[in-house]
Structures are given as structure tokens and as C-alpha cells.
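Database features (Swiss-Prot):
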- 72, 102: anthranilate 1 binding site (BINDING)
- 72, 75-76, 80, 82-85, 99-107, 111: 5-phospho-alpha-D-ribose 1-diphosphate binding site (BINDING)
- 84, 216: Mg(2+) 1 binding site (BINDING)
- 157: anthranilate 2 binding site (BINDING)
- 215, 216: Mg(2+) 2 binding site (BINDING)
């Protein structure tokens, strides 16, 4: 299979699935060769989906029923607050959310970093994850605890020091097999590929977004969207005005502690307007994606409705339950 990749020929879904299972047993040299060759060739939606499906199938099993996940690939180098995690907390007031994530990739606060700064225990067992979904509609799936098949691959990936297919697989590798997803990507070229990969994985409804350089919906500029609905894919663009909001700038974030402080302020209802809009538009898209909001403006209203004492109390419940 390595020769095929070096010759710039694409793999089928099945071949990509098999390749992941080969890599987990390969030597470091051959793992590096495969990853570098695949990165040089570029990967298709079938290859992305094949790897993601193999990651899910090799992961520790986690049956949580129909859940939503909101996640981004990272890698946009924008150093924003962790919007997808803030949105996940808001969304847990309306639906079951299983947030799959890790420590920071390129931002200053990955989902795991933020949740720890908010006082939430991220290193929980599958049994605890199920209990949290049932009791508070939210759980965090800390990726390193659920993907033992990556044990040999990850050190090689780190040693290589270049981007590989694993840089974009995180949002697709949730072992809870979410029925609904909002996926942010760091390149407009990835929007269609990730949408088609989600189709291969059998998602019910999903949106893939790229916001003018952000792996989120931009509160300032145009965002490209691929909407996946039971096999169909529609492509369109949205702006903050479509959400009924004025355009606001993205304020950089410099640490998990700062991200937690600013997000907590948004959840309390007294955060900076720029942070508030950023969180609201991304929450609104997720509420629209799962069918709770009929349009984006209603999504903003629903997200706004839970800000304040209600969501702060919920955050405390999540933190307490995660440690019990």
C-alpha cells in the first residue's frame, strides 16, 4: 500500500481502514513513511473516513445513545477562546452532548485545558461518562484515554514534526459515534472533504464550517458551511447578520485560565460583547443542526435564554459530578 501512496494513487475507504490497522502494528520507520507519503499526496474524503472509522472501531467502546459533538480541527493559529466547548456547555441545556477532545493543538486552550480550568475532571471512566450524560446531559471524552491503538503512532507523529492526517481526525474519531456534529475546519479546502467523510461515517445531521481562517463560525467575516443531512450535502455561506447580530472582532486568548475566565463571564451573562457573539453564533448553528432551532436567529435566542444563573448552576453540577 505504501508504493501506491508514493505513486500518488488514492486509497479506497476500505484500504484506508486497513491501513490504520496496519499502522498500529508497524515499525516506527514504516509508520513515518506512510504518514509522510500520505501527507505529501494529500488525502481524500474516503481516506479521512476510513481512518476515522478505524479509530472509532479500535477505541474503547462508549454507548451513550444519540449525542451531539461540537469540535474543531484546531490549527488555525488564531489563539481564540475555546468556543466549541463553551457552546457544548450551553447546548447541554437542550440535548445530550458528548464532547470529544484533547489538550491544545495550536490554540492556547484546547477543550481539555478549558474544562480543567473550569474545575471539571476530564479523566473519567466510560461508566462515569454514561452517568454524566444521563444526569447532566454533558460528558467529556478525553481522547488519550479512549484510543489505545494510537500508542505506537502518536510518538512517531510527534517526532516527524509535520502535519499528518491525524491533525484533522480528532472531530471524526469520537468513540460515542455522535448522530449530530458541528465540525470546524482550519482550511476551506477541508470543508467538502470533511462533509463527505461524515457522510461515509453515517452521521444523521452535521455542519462543517470554516470562518475566514477560523475553525469556527466567524463573528466578523463570512463563513463557509457544508450542511450534511442524511446523505445530502448543501453548501452555502453565512455572515453574522444571518444570526441577527452585528459583526464583532475576535479577541486573542493567551492561556486556559484566561479562556475559562472569559467563557465563565459569557455564561454568567456579563462577558465581553465580542466573546458573547462568538459563542452565541456557534451555539446557534449547533441548535439549528440538531433541529431544535428552526433558523439561525432562533438559535441565538435559545442560546441566550440559558445564559446567567441557570447555566452557571449547570456548570457547577457538571464539575461536582465529574469528581464524585
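Using N, Cα and C of the backbone, Cβ positions are placed for all residues, glycine too.
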Site of maximum Cβ density within 10 Å, from binding-site residues 80, 84, 102: 84
Cα distance (Å, whole number) from residue 84 (5-phospho-alpha-D-ribose 1-diphosphate binding site) to residue 102 (anthranilate 1 binding site): 13
Nearest recorded site to residue 157 (anthranilate 2 binding site) by CA-CA distance, among binding-site residues 72, 84, 216: 72
Other C-beta atoms that fall within 10 angstroms of the C-beta of residue 72 (anthranilate 1 binding site): 30
Inter-residue Cα distance where the pair is residue 215 (Mg(2+) 2 binding site) and residue 100 (5-phospho-alpha-D-ribose 1-diphosphate binding site), in Å: 16
For residue 100 (5-phospho-alpha-D-ribose 1-diphosphate binding site), the three-state class that DSSP assigns: strand
Residue 216 (Mg(2+) 1 binding site) versus binding-site residues 72, 80, 103 - nearest by Cα: 72
Cα-proximity to residue 72 (anthranilate 1 binding site), 10 Å cut-off, over binding-site residues 80, 84, 103, 215: 84, 215
Coarse DSSP state, helix versus strand versus coil, of residue 72 (anthranilate 1 binding site): strand
Nonlocal neighbours by CB distance (under 8 Å) for residue 103 (5-phospho-alpha-D-ribose 1-diphosphate binding site), same chain, sequence gap 6 or more: 110, 112, 113
Among 100, 157, the most crowded of the binding-site residues [Cβ within 10 Å]: 100
Cβ neighbour count within 10 Å of residue 216 (Mg(2+) 1 binding site): 30
Integer Å distance between the CA atoms belonging to residue 215 (Mg(2+) 2 binding site) and residue 84 (5-phospho-alpha-D-ribose 1-diphosphate binding site): 10
